[in-house]
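Only one structure is covered here, and it is reproduced in the block below.
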Amino acid sequence: MDFVTDFTPWVDDLLGGVWITVLVTVLGAAGALVISFVFGLLAQAKGRLPRFVARTFIEFFRGTSLLVQLWWLFFVLPAFGWTLEPLAVGVTAFALNFGAYGAEVVRGAINAVPRAQWEATVACNMTAYQRMRLVILPQAVVGMIPPFNNLLIQLLKSTPLVYTVTLIDVTAVTQDFRAAEGHEAYIFGLALLVYLALAYLLTLGTRALERRAKAAVGQHEPARRRWWSPARPTRGVTG
């Protein structure tokens, strides 16, 4: 049978699956970003209790399976009187899991800010809030964006797990199509292209954010010479 003919009735299903994939990725990433900063900053606090809370959260959600976290929210919470919609389950699990990894990114980026910058804020008699908001975080954010991009791509590639809590994403649609029509090479090839396109768009977005973050702290990337641009002539060395 012809793949195009067989697949045409499934186009709307695939688009619906793409929408679920994008929705879980975007909402999960937004939640993870908030959690990353909250627990990343708590991990930097002076008090032992905030640091203990942050470390406990980070180690728990990094050290347990994302799939089990999804199942716990979907199957176990209702026994305690809490019932979440499948989309809420997916977004919450992804936010908590990747937020734990992101918290380590935030903590590491803050620690990477040169010590001289910290000392300068003390010399300027800045409060802890002013120090973090005006000097430390703007520089740390530049270092956070590349690892955050990696986490974002990993989050996108983990979204097929939501099929286990009844959400129909891209992978679920391709599996259903394969079971009904076959064409394994074509349908899974199409799935690869969908995920590749989504990952590329996310990468373009984070690169744009990185350029803006660098510009905000006075770090400007050198202009890149395109492969089609003629090379600049070099001056000869005269004796």
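Cβ coordinates come from backbone N, Cα and C, glycine included.
Annotation comment: TrEMBL describes 18-205 as domain 'ABC transmembrane type-1'.
Positions annotated as transmembrane segment by TrEMBL: 20-43 (among others). A Cβ distance under 8 Å defines the sequence-distant neighbours of the transmembrane segment (20-43), meaning residues of its chain 6+ beyond its ends; these are 50-51, 53-55, 57-58, 87, 90-107, 110, 132, 148, 151-152, 155-156, 159, 162, 167-170, 194, 198, 202.
Among the features that TrEMBL reports, transmembrane segment is placed at 64-84 (among others). Under 8 Å from some Cβ of the transmembrane segment (64-84) lie the Cβ atoms of residues 90, 92-94, 96-97, 158, 161-162, 164-165, all in the same chain and six or more residues away from its ends.
TrEMBL lists 185-204 (among others) with the feature transmembrane segment.
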Non-local residues, at least 6 beyond the ends, that sit with Cβ under 8 Å of the transmembrane segment (185-204): 3, 7, 14, 18, 21-22, 25, 149, 152-153, 156-157, 170-171, 174, 177-178
